[in-house]
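J.: Structure below; questions to follow.
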C-alpha cells in the first residue's frame, strides 16, 4: 500500500507539470484556434535563454549574486519570449489568416523546428543548469504507518505549488482583467470581438506572449529538474495525451487531464510494465487518452461538437 | 585606394608566409578521406559535440605532424542527430566523396546495425571502437566490422568485474541484487546477454529496467529500484538519461556510490553540475579522461595554441573528447598499417584499409610514442579477433573531475564472451546466408 501511495503521489506531481505544458497549448488554441505544435520548442527556447543568461550575466557585468542573475535572466527570457510571440504573429500568423487548420498546424511545426535550431545555435547544445535553489533530497512521511515511509520529492512538491499558483494567476487574468476578458471574447467569436473594436492581431501577440511565459515557467521547473537540454522540447509530447483527454479548449481540462495521465502512466509502468517488458509509460499515456476518447470524443471538459447537417 | 590594396597584399602575403611556416607541405597532396557521422545537435549532443571535436582535433594534429607518412588526412562531417535513418543517409552521401571513404565510424550502435549489411557491398570498413554490435568482434563472420578496443559485451563484463571487486570478488556476488537500468535501444540491450550469463554463473539476482528514449522520464524506474533495494545499479544510459538517473537517485535517496556506469554513462557532461553525483563511478573501456597525457599536450600546442582548435580548450582531455581522439588515432593507424603493405605514402582504398585494421598491432611502445602513455593499452587484431583488446579502468566522480578508482586494468573474460559472440555471429551468418571465412581468406 505504501508503494502504491508513493506511485500515486509521484504521478500526481508529474501530472501537474504536464498540465503546465498543456496549458500553453490550450491558451493558444482557445484564442486563435491554432494548435501550436511549437509549444515544446518554446519551453526549450525559454529555458535555454534563462539558463544561459543566468550564466553569462555575472561574467559580463561582474557580479556574483546567483539570485540577481536568476531574476534578471528570467526577465530577459520573458522579454525574449514576447519578442518571439510578436515575430510569430508578424511573420507567420498574420499571413495565414483564414487558412485551414492543417496549414496553421504545419506552420507551427515549422516554427518548432526553427526555434529548436535557433536555440541550439544561439545558446549551445550542451546540458545547462538552472539553479533556482530547488531542494533535491527526498522527504519521507508516514514512517510509522508504512515500513520505510512514503517518499515525497521536495522539488516536485515545490514545482506543484508553483504550477498551481500559475494556474490560479492565469484564471484571475482571464476572469478579472480587461485583457483577459478580451481574450475570452476572441475565443468565443472572432468576428463579434472584432466588431466591438478588439484588435485581433494584438490579442494574438498577447496570448502567444502569455503562452511564452507559461513555457518559461515550465522550462525553469523542468530545466531545474532535468537540466536544460534538447530533450526538454519532447516534454511537449507528454502534454499531448493530456490535452486529448482534457479537451483542447479547457483550462480545468488541462489540469485534470494532466493528473489522470500522470497517475495513469506511473501506475501502468509499475504494475503493468513488468508483465510486458517495461518502458511502457510513454505510449500507455496515449492509449489511455485514446480509450477515453471512445467514450467522450470532445475530451473531459472540451466543448461538445455539434455540426448542423 | 592604392595604399589600401598594398596593405591588403601585404596582409595576404604575411598570412601566406606565416601559414607556410606552420602548415606542413604535402608534396603530392595525397589525401586520405575520413567521413565523420557526428551528432552535434539533438538530445545526445552534449556527448556528441566533444566526441566529434576530439576526432577533428586529432586529424588536425596528424596533419600538423606531417600527415600519414605524408598523406594528408581530410574529413567531412555529416550531422546524424544520432538518428539511424539520417546516419544511413549520411553514409550514402559521403561514401564516394573525396576519392572514396576510407572507413565509417558510425558513433552509434543503431547506425552500425543499419550499415553492417551495406559495408561489404561497398567494401568500406566500419569501425566501432567501444560500441556497435558485440558479435562483430568475430571477424570470421563480420569481415568489415571492427569493434576495436572492446564491445558493449566487454563493457558489461568489465563493469561487473569492477562491482565484484567492490564486494571482495566474483564469488561474493552470490545472493546480491543487481539492477540493470538501461537505455531501451540496441545499445542498452547489448548488456543483457553477458549479464544474464554472469548472473547464472555467480548466483546474483539480476533485474532489468528499460528506460525509453531519450530517458528523461525515470520516476517509475527509480520507484521500482527503491522498492527492490538492489545492492548495485548498473547504469547503461546515454546522453540526458545519465544525468536524469543521478538526479532521480538523489530524489529517491539511492546512494550514488552504489551506481556504476559504463563509458557512455561516464562523460563529464553526465555529471558536471549535478549536485549529488559525487561517488558515482563508471568503468570506461579505454580511454578514460586524459588531461595530462602527451597527446593532449600536443593537441593544445600544435592545434589549439594556433587558434585551430575545434571546440573549447577546456574540454581537451575530457573522457568523451579522448574517445574521439582515440577513435581517430585508430582510424589513422589502420591506414598506416595498410600503407606498409600497399605502399607507404600513398592513399589507400577502403578495401586496403580493411586489411590494415585486421592487422593492427599497436604495441605499448607505439602508443607511447604517439602520446597515449597511460591513456590506453596495446591493441592487436587478427582475422578472428576484430576487437583487439578490451582494457577498461574504473573512475569515480569526485564532484569536479573523474578520478581513477584504482590502478587496476580490467579486461573482459573471453572464455565467457567468445561463446556468446560466436553463437550470435553464427546466427547472423545463418540468417544472412553467409559463410564463415576460411583461413586462407584471412591473408587477403
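Note that Cβ sites are derived from N, Cα and C of the backbone, with glycine treated the same way.
Okay, so TrEMBL annotates it like this:
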| type | residues | note |
| --- | --- | --- |
| TRANSMEM | A:7-28 | transmembrane segment |
| TRANSMEM | A:34-54 | transmembrane segment |
| TRANSMEM | A:66-88 | transmembrane segment |
| TRANSMEM | A:157-175 | transmembrane segment |
| TRANSMEM | A:203-222 | transmembrane segment |
| TRANSMEM | A:242-263 | transmembrane segment |
| TRANSMEM | A:270-295 | transmembrane segment |
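So that I understand the layout, could you describe where these features sit and how close they are to other parts?
T.: Sequence-distant contacts of the transmembrane segment (A:34-54), counting only residues of its own chain at least 6 positions beyond either end whose CB sits under 8 Å from a CB of the stretch, comprise 21, 24-25, 28, 66, 69-70, 72-74, 76-77, 80-81, 84, 88, 93, 101, 104-105, 108-109, 111-116, 118-120, 122-124, 128-131, 211-212, 215-216, 218-220, 222-223, 228, 230, 232-237, 239, 248.
Tertiary neighbourhood of the transmembrane segment (A:203-222): same-chain residues 17, 20-21, 23-24, 27-28, 31-32, 36, 39, 42-48, 50, 74, 77-78, 81-82, 84-86, 88-89, 93, 130, 132, 159, 162-163, 166, 170, 173, 179, 182-183, 186, 193, 228, 232, 235, selected by CB-CB distance under 8 Å and a gap of 6+ residues from either end.
Long-range contacts of the transmembrane segment (A:270-295) within the same chain: residues 3, 7, 237-238, 240-242, 244-245, 260-261, 264, each at least 6 residues beyond the stretch ends and with a Cβ under 8 Å from a Cβ of the stretch.
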J.: Please give the sequence-distant neighbours of the transmembrane segment (A:7-28): residues at least 6 beyond its ends with Cβ less than 8 Å from one of its Cβ atoms.
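T.: Cβ under 8 Å, 6 or more out: 34-36, 39-40, 42-43, 150, 152-153, 156-157, 159-160, 163-164, 166-167, 170, 207-208, 210-211, 214-215, 217-218, 221-222, 235-236, 238-239, 242-243, 246, 248-251, 253-255, 257-267, 270.
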J.: For the transmembrane segment (A:157-175), find every same-chain residue at least 6 residues outside the stretch whose CB is under 8 Å from a CB in it, and list them.
T.: 12-13, 16-17, 19-20, 23, 27, 134-135, 181, 183-184, 210, 214, 217, 221, 224-225, 251, 255
